Amino acid sequence: EEAIFLRRKITLLRAFSLLIGSMVGSGIFISPKGVLKNSGTVGFSLVVWFACGVLSMFGALCYAELGTRITKSGGHYIYILETLGPLPSFLFLWAEFFAIRPANSAVVSLAFGRYMLEPFFAPCAAPVPAVKLVSLLGYYMVLTLNSWSVTWSARLQTALSIVKLLALALIIVPGMMLLAQGHTENFQDAFDRESLVLDKLPLAFYAGMFAYSGWFQASFVREELVRPERNIPLAVIISVITVIVGYMLTNVSYYAVLGTQDVLASPAVAVSFVQRAFKSLISVVPVLVALSCFGTMNGGIFTFSRTLFVASREGQWPPLFSMIHIRRHTPLPAVMLMFPLVTAMVCVGDIYHLMNFFSFSRWLFIGLATLGLIVHRHRHPELHSPFKVPLFVPVSFTIICLFTVAMSFYSDPVSISIGCTTVLSGFPVYYVIIHRQIFLPFFPTLSDYLTHKLQLLLEVVQQEIKTY
């Protein structure tokens, strides 16, 4: 009886919670090991963490301006489409669907499963099959919630953001107390140059940027934000500053309590920290970390489903995925589409190889999106934007992203080559299906038939009101 479209239900608080909930997830509890391993020393690893925070702020400011210039949802996809054209945007969509997003979701899901089971098996490691089973159960729970209600997904994200900040506080406080008592022995020779391996630095940045990744999530739901011209810049600036401060203090606390060798030897750094710092909370902190990862999964599904929704609306994805449930007002087909690939990657994946695998593609296209901001400014100087960053911000961010992507070929050629091949495999698909629209004689009829049947089964229809 009422119009069917995606409502504007994301306030400033919910946007802030979405960003905090997406950034503070498995990364800060997994990535310290990867950053330290590839940077060599405590001092250089802290420099990498801070540099990643500054770089994330640059990227977040660029995306805030793009979000005020381009009024559609869809994040990286729509920004590349509107500024650089349909081919690079389709290649992003192809890589995002088949590599970036399922690998990212698998990493976070595996971290959720590992930390959720850690208290039950400590001091032994949790069995791998059990970790993968719990990981999949957690992912399916979030998938169901996002299919059911936008409001409840947003409320869960707000609640879990508080849990995330509490988990960070529980790590920061004992480390700071230890430093205040004069225990600085783990910071001796913090900048030993002999331990620095330059060709591994891109991988250290990938691990650090993985922990910060999520600052772009507000741009994916632009059409559902209340007062987006005001709330996007405010949300990204406040959230990124909060996360930079929290991450720096958390890493200092890790090193104060554990030391270099313990961080490198630990399969779950936060659990090892709690075992050393205060055993009374040994069963509490892993659960808080698991809930933190749960919030990151929720934010990832919430935002990526909007990318598929917009891509379908723009004609680069099957039309079924631009449809909305007639009662729930959720993009149900787009939400459900990811679960087979994520399931497969959780079953066969290893966290660190997955991280390198998707990082190449992700940072390549983020660099192209900020390059698109420069192009859009040049093409449309007359366009008034309520939020504008100095030109050196997108220029420097784009150069650093593309340079890091190029350098990573030397650091991990196998994983990066797989990621590059995944991106390039989208060329023939684009040329045949999107550009030339070459179909088999029976394909359109079969596609329409399947779309109609699935539409009836899922109770979904096309959006009735234009929201951009």
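Cβ coordinates come from backbone N, Cα and C, glycine included.
Nobody curates TrEMBL annotations by hand; they come from automatic prediction.
Listed as Cβ neighbours of the transmembrane segment (12-30) (distance under 8 Å, sequence separation of 6 or more from its ends, same chain) are residues 107-108, 111-112, 115, 154, 157-158, 160-161, 164-165, 168, 210-215, 217-218, 221, 225-227, 230-232, 234-236, 238-240, 242-243, 246-247, 250, 268-270, 289, 292-293, 295-300, 302-303, 351. The transmembrane segment feature in TrEMBL is assigned to 12-30 (among others).
Summarising the annotation, TrEMBL assigns transmembrane segment to 42-64 (among others).
Annotated transmembrane segment per TrEMBL: 76-100 (among others), in sequence order.
Same-chain residues lying 6 or more positions outside the transmembrane segment (120-142) and placing a CB less than 8 Å from one of its CB atoms are 105-106, 109-110, 112-114, 267, 271, 275, 282, 290, 293-294, 297-298, 301, 339, 342-343, 346-347. The annotation transmembrane segment is assigned in TrEMBL to 120-142 (among others).
Marked as transmembrane segment by TrEMBL: 162-183 (among others). Taking Cβ pairs closer than 8 Å, the transmembrane segment (162-183) reaches residues 20-21, 24-25, 28, 246, 249-250, 252-257, 270, 273, 277-278, 281, 284-285, 288-289, 291-292, 295 in its own chain, all 6 or more past its ends.
Long-range contacts of the transmembrane segment (203-221) within the same chain: residues 10, 15, 18-19, 21-23, 25, 27-28, 30-31, 33-35, 37-39, 45, 48-49, 51-53, 55-57, 59-60, 63, 66-67, 73-76, 79, 104, 107, 231-232, 235-236, 239-240, 243, 247, 296, 299, 302-304, 306-307, 355-356, 359, 362-363, 366, 404, 408, 411-412, each at least 6 residues beyond the stretch ends and with a Cβ under 8 Å from a Cβ of the stretch. Summarising the annotation, TrEMBL assigns transmembrane segment to 203-221 (among others).
For 233-257 (among others), the entry in TrEMBL reads transmembrane segment.
Residues or ranges marked as transmembrane segment in TrEMBL: 277-297 (among others).
For 332-354 (among others), the entry in TrEMBL reads transmembrane segment.
According to TrEMBL, the feature transmembrane segment maps to 360-377 (among others). Listed by sequence, the residues of this chain that lie at least six past the ends of the transmembrane segment (360-377) yet keep a Cβ under 8 A from its Cβ atoms are 59, 62-63, 65-66, 69-70, 76, 79-80, 82-84, 88, 91-92, 95-96, 99-100, 104, 206, 209, 213, 216, 383, 391, 394-395, 397-398, 401-402, 404-405, 408, 415-416, 419-420, 422-423.
The transmembrane segment annotation in TrEMBL covers 389-410 (among others).
What TrEMBL records for 416-434 (among others) is transmembrane segment.
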Winner by Cβ pairs under 8 Å against the transmembrane segment (76-100), considering only 42-64, 233-257, 389-410, 416-434: 416-434
Interface check, the transmembrane segment (233-257) with the transmembrane segment (389-410), three or more C-beta pairs under 8 A: no
